[in-house]
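Peer 1: As annotated in Swiss-Prot:
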{"type": "BINDING", "residues": "33-40, 639-646", "note": "ATP binding site"}
{"type": "DOMAIN", "residues": "309-587", "note": "domain 'ABC transporter 1'"}
{"type": "DOMAIN", "residues": "607-935", "note": "domain 'ABC transporter 2'"}
{"type": "ZN_FING", "residues": "252-279", "note": "zinc finger"}
{"type": "ZN_FING", "residues": "738-764", "note": "zinc finger"}
Amino acid sequence: MKGPSIVVKGARAHNLKGVDIELPKNKLIVMTGLSGSGKSSLAFDTIYAEGQRRYVESLSAYARQFLGQMDKPDVDTIEGLSPAISIDQKTTSKNPRSTVATVTEIYDYIRLLYARVGKPYCPYHGIEIESQTVQQMVDRILELEERTKIQLLAPVISHRKGSHEKLIEDIGKKGYVRLRVDDEIVDVNEVPQLDKNKNHTIEVVVDRLVVKDGIETRLADSIETALELAEGNLTVDVINGEELKFSENHACPICGFSIGELEPRMFSFNSPFGACPTCDGLGQKLKVDLDLVIPDKNKTLNEGAIEPWEPTSSDFYPTLLKRVCEVYKINMDKPYKKLTDRQKNILMNGSGEKEIEFTFTQRNGGTRKRKMVFEGVVPNIDRRYHESPSEYTREMMSKYMTELPCETCHGKRLSKEALSVYVGDYNIGEVVEYSIKNALYYFENLKLSDQDKSIADQILKEIISRLSFLNNVGLEYLTLDRSSGTLSGGEAQRIRLATQIGSRLTGVLYVLDEPSIGLHQRDNDRLINTLKEMRDLGNTLIVVEHDDDTMRAADYLVDVGPGAGNHGGEVVSSGTPNKVMKDKKSLTGQYLSGKKRIEVPEYRREITDRKIQIKGAKSNNLKNVNVDFPLSVLTVVTGVSGSGKSSLVNEILYKALAQKINKSKVKPGNFDEIKGIDQLDKIIDIDQSPIGRTPRSNPATYTGVFDDIRDVFAQTNEAKIRGYQKGRFSFNVKGGRCEACKGDGIIKIEMHFLPDVYVPCEVCDGKRYNRETLEVTYKGKNIADVLEMTVEEATHFFENIPKIKRKLQTLVDVGLGYITLGQQATTLSGGEAQRVKLASELHKRSTGRSIYILDEPTTGLHVDDISRLLKVLNRIVENGDTVVIIEHNLDVIKTADHIIDLGPEGGEGGGTIIATGTPEEIAQNKGSYTGQYLKPVLERDSVE
């Protein structure tokens, strides 16, 4: 290969079979192949892992102890490596304090902008706050009641870390006798040793006065002294009154509302200086929700209308409720909705000061008499949630609470002072509510004075450049205050991508995992141009991707396969996309060249009158839309990123159905009415969340096939002779499991400030079971051997047991024949977890009254895997059930019976129904972006 290259020899991570490959440097390299073929093992677990490990090895021993020891990948040699950065989908922060603006560091620059050129205004009078003179301060203090005792304090240290010994010594030398340290008055010579790792506030007591006539001169002199000491700031400690704060810098001349010096930390909702004191900077408060407390208002109190007070092992609350109703003459057999407002108010908010006496039965069967004020259901739930030491009680009470915007900051997260500062016409809380597209326009057209312009010029350049990168990767619809926990994997990855371009590093190896996820075809070109821009800076990009356009745009394409799991792990073909297309061995090449394809179905299923109707959908950006979801067909919901697909399907359709059918406590998005639910009795949301969060969960336990396998082992002669029941073969209970590792097969070693290390259990060698259990075999294999089989191997092994074979076959049908039965749930990718869930539904008997909801099921799937997935989904529909999919993949869209296309744009520009109908009807709609891209695909792939 001409030019510099990365040479990999003998890569054996996971299923790789000693792979040797040479990759060109400073190029856009795309790795593709079937799900489970080994492409991620080559890209992430070999090339990235070694690049990262070598970089960490070059650091000092001190720095390395914080980064942890990185294992050397199973590879002979890798030459030509650069420092590596991985941009995958797993590292989205779920921290509620993390937003799009903070993750991209745009917020840091916006805070700096507001601190440097912001103009504070009084929130009560709308007057710009300017500096106060000493005379104004004197006048304000003299307004206090006569004989009021005051202390004038000079705040020399305000909430800063350090022991501050030198400063305290200097204050003493200047002749000052007293200080107020962390709200305690102390003698300057008796200040206790301050913890240098904690924040402290130190104020010098400049003077002590009593407000009366004739103190003006002394007061003015003392104020001047304090202002000089504390750089223009003054605190007046009013004994038995509210403290006053003054500043030579900023205060309202009418009401004295004053803001200290503008600093970036004042605009941070993660700092006590900037956060709203009510919600601590979260913007939300957990409040009791009456719709969750009384889900069915047609019920009477005797029928259990107040759900959290349903009878338990103690009849405390039912007895209390009965007594309250007797005292206030509330009919317990009348539907709740027919009670008077006064009666509802007593039940929900309490009876005031009046005490109520009642006798209740305790858990031990004894009785007890109580006399108490009836606090009401709402305060009771709130109190038990906030004050109970029991985790269980708090969890139970949280079911009846909802996150609502904070009443003080109205969801803006910041203090009154921070929200009083404006740049142009907007405060910082209003600016971060903009979408990226609107924020970019705002900052590009911001009008500032010449002086402010010279101060803000560099800051604005940084803000605009970062916003431009986000705009260029198709994220213009996201708002800056959007919580990062609500972002999809693709969105989070593209945000990190934009952040990396902003850093403008060169000579770096970037490894990316399907950056096109969740991106509409329309925005793909922008993403590809971004990748090329990173390459042109002098970087090497290795992108694991299945997207047709990205593969064609690659400088170098690597097809890993030929199959998945044990049937994969080899490089089938590599070279330019054209070279791979001509390679007959390459499955990817055959699809790219058009020799293989997913056909458009010969006919579409008929749309009948059976449907779910949603009226007045208004969740997030949906604009009061009415939509029908036909039943017993395959419906695909399409639209550009941010057009409202998830709001319609996940927030409204799924949650509204789950609330009615599954009696779920989740609250759906805002809508007026939903009709047709009586035609369904089951709703299944098949998402990409893990099938379990512990190593104990695996595909065998999740699908239920492990129960049947344990039955088989319990029926063997050896098990019967020993008296072993089915439970003996469970690794979750005592008996048959290895007690050294409690059936985990691995032991966790806590490393304190290093990541926890997991090592195989030495007693059972990672087999999870004790020796006696492993002596029981079926067809020569013990239970641990079976868990180590791939699904495909197990299907052949149990082919004479129809019950087991049927369940395993569904895993094979969804393309998971390569995973092992005992593979830890935590090691499955999102796409694999989703297909395990799909398989576990497939083997259940169909009723024709079920609806399946899938959000981008093609994530992580090769086009050949998609072909298999479509067969499975069509099997579900053939049984009379309904499938609703959110999808951008044109191979899935073209096979739909019915399409609902949202748009036209993302964010505020979306939220309307652009078109509905068959793929052919959508393709004819000139206003639909989906239709524009669908039309050529339908013409190309239709059955001739």
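Here the Cβ of each residue, glycine as well, is placed from N, Cα and C on the backbone.
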Peer 1: Taking every residue in the domain 'ABC transporter 1' (309-587), what is their average pLDDT?
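Peer 2: Across the domain 'ABC transporter 1' (309-587), the average pLDDT comes out at 91.
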Peer 1: Could you tally the C-beta atoms, other than its own, that fall within 10 angstroms of the C-beta of G33 (ATP binding site)?
Peer 2: 31
Peer 1: Name, in the order they occur in the sequence, the residues of the same chain whose CB lies under 8 A from the CB of K39 (ATP binding site) and which sit 6 or more residues away.
Peer 2: M31, T32, G33, V544, V558, V560
Peer 1: Per DSSP, K645 (ATP binding site) is which: helix, strand or coil?
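Peer 2: Once the DSSP labels are grouped into three classes, K645 (ATP binding site) ends up as helix.
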Peer 1: Taking the Cβ of K645 (ATP binding site) as the centre, how many other Cβ atoms fall within a 10 Å radius?
Peer 2: 28
Peer 1: Secondary structure at G33 (ATP binding site) (DSSP, helix/strand/coil)?
Peer 2: strand
Peer 1: Around S37 (ATP binding site), which residues of its chain at least 6 apart sit with Cβ under 8 Å of its Cβ?
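Peer 2: Correct list: V560, G561, P562, G563, A564, G568, G569, H862.
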Peer 1: Judged by the number of other CB atoms within 10 angstroms, which among S35, G639, S641, S643 is the least packed of the binding-site residues?
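Peer 2: Sparsest of the binding-site residues S35, G639, S641, S643 by Cβ contacts within 10 Å: S641.
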Peer 1: Reduced to three states, what secondary structure does DSSP give K39 (ATP binding site)?
Peer 2: helix
